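Have a look at the structure below before the remarks.
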Amino acid sequence: MAAAHLLAASTSSSSTAAFRPPLRLRSPTHPPHLRLNRNAGRRPFPVVRAAETDATKDAKPKVPGKAPAPDGSSFNQLLGIKGAKQETDIWKIRLQLTKPVTWPPLVWGVLCGAAASGNFHWTVEDVAKSIVCMIMSGPCLTGYTQTINDWYDRDIDAINEPYRPIPSGAISENDVITQIWVLLLAGLGLGALLDVWAGHDFPIVFYLAVGGSLLSYIYSAPPLKLKQNGWIGNFALGASYISLPWWAGQALFGTLTPDIVVLTTLYSIAGLGIAIVNDFKSIEGDRALGLQSLPVAFGMETAKWICVGAIDITQLSVAGYLLSTGKLYYALALLGLTIPQVVFQFQYFLKDPVKYDVKYQASAQPFFVLGLLVTALATSH
C-alpha cells in the first residue's frame, strides 16, 4: 500500500512537471522548443538569442528606389527616365545622359515661336530652318544641359540614384567631358548657321544659344550653382525650357517684341512649377548636400502646392491677358486646357509626387504645351 502511494506521488509530480509553463524552465540546457510555446495559450514572453541579436545589428535595411529595376526597360533607358535597363553600350549611355524625354518642350517652344512670328510658311526652306532650330534647342543644347547637370550632380546621384551612368562608372569622366563640349559647340554652330541662313544683321539666334548655354552652366556648376536656391534655380530652368526656344523660333522668322518677352517670361513661372516636380525624387540627396530645393526648404506638402499653384495661376493669368486683348476664344481654349491639368494634379501629383511623377507629367504636360501653342497663335493675330 505504501508502495502504491509512493508510485502515485511520483506520477503526480511527473505530471505537474510535464504541464509546467515552458517559460519557467530557465535552464539553458533545455531544447529551444521548450523556451516558448506560442500555441499553449499561456502568456508569451519573447526569448532573445545572441545569434539573432548580432544578425539584426549587422543587417542594413534596403532603401526603396536605390537600385535599378531587375526588369528595367530599354525604352526608358533611351529616354533617360526612371526604370531604365542597365546598359553597357557606350552610345546608348551617351544618349541616356542627354535625356531625350526632356527635348519635346524645347522643340515645341521653337514651334510656338515660329507660329507667334506670323511669318512662318509651310515651304521646304521654312520647315528646314525650323527643324535645324529644333535640333539646336533639343538634342544639342538640351543634351548639353542635361549632361553637364548630371556631371555636377554626380555626388547627389550617388545618394539618390547610384545606378545612373556617371556615379555607377558606366561611362568614364573623359567621355562625359567630351560629350559636353561636342554638344555645346554643335549647338552654338547651328545657332550661327541659322543667323546666316535667315540673313540676320545681328546674330540673335547665336546669342540666344550662348545665353542659354551660360544659363545652363551657372545653373549646375559652382560657384553660382543656381539650383542651390529653389526659387532662382527653378525659374532659370523654366526660362530655358520655355522662353529661350520660343525666342529663338520667333527671332528666326520674325522680330521679338516686348509683349512677347513679357508673356514668355510670365510662362517661365509655370516652368518653375514644372521644374519643381523633378525636385521631389532628389530630396534626400539635396538635403544631404545642403541644396535648398523647394521640397527641402518648405517640406513636401507645401512644395506640392507651390508647384501646382505656379503652373495653374500662370495659365489663368495668361488667359486673362488674352481676354483683355479681345481674344475671347483663345482665352477660353487656354482655360479649357488648364482644367484637365488640375484634375491630374489631384489624381496623381498631390497624392504622391514621387510615386506618380512620371504619370503626372505624361498625362498633364500635353495639355500645358498645347496651351503654349494656343497662346502663340493668339499673339500672331
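Numbering starts at 1 and runs along the chain as it is shown here.
Just so you know, glycine gets a Cβ as well, placed from its N, Cα and C.
Automatic prediction, not curation, is the source of TrEMBL annotations.
TrEMBL lists 1-75 with the feature region 'Disordered'.
Feature annotation from TrEMBL assigns compositional bias 'Low complexity' to 1-18 (among others).
The annotation compositional bias 'Basic and acidic residues' is assigned in TrEMBL to 51-61.
The compositional bias 'Low complexity' feature in TrEMBL is assigned to 62-72 (among others).
For 180-197 (among others), the entry in TrEMBL reads transmembrane segment. Sequence-distant contacts of the transmembrane segment (180-197) (same chain, six or more residues past either end, CB-CB distance under 8 Å): 98, 129, 132-133, 135-137, 139-141, 143-144, 147-148, 151, 203-210, 213, 248, 252.
Annotation comment: TrEMBL describes 204-219 (among others) as transmembrane segment.
The transmembrane segment feature in TrEMBL is assigned to 231-248 (among others).
As annotated by TrEMBL, transmembrane segment applies to 260-277 (among others).
Long-range Cβ contacts of the transmembrane segment (328-350) within its own chain (Cβ-Cβ under 8 Å, at least 6 residues beyond either end) map to 277, 304-305, 307-308, 311-312, 315-316, 318-320, 322, 356-357, 359-360, 363-364, 367-368, 370-371, 374-375, 377-378. What TrEMBL lists as transmembrane segment is 328-350 (among others).
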Chain residues outside the transmembrane segment (204-219) and at least six past its termini with a C-beta under 8 angstroms from it: 133, 136, 141, 144-145, 148-149, 184, 187-188, 190-192, 194-195, 198, 225-227, 233, 236-237, 239-240, 244, 247-248, 251-252, 256
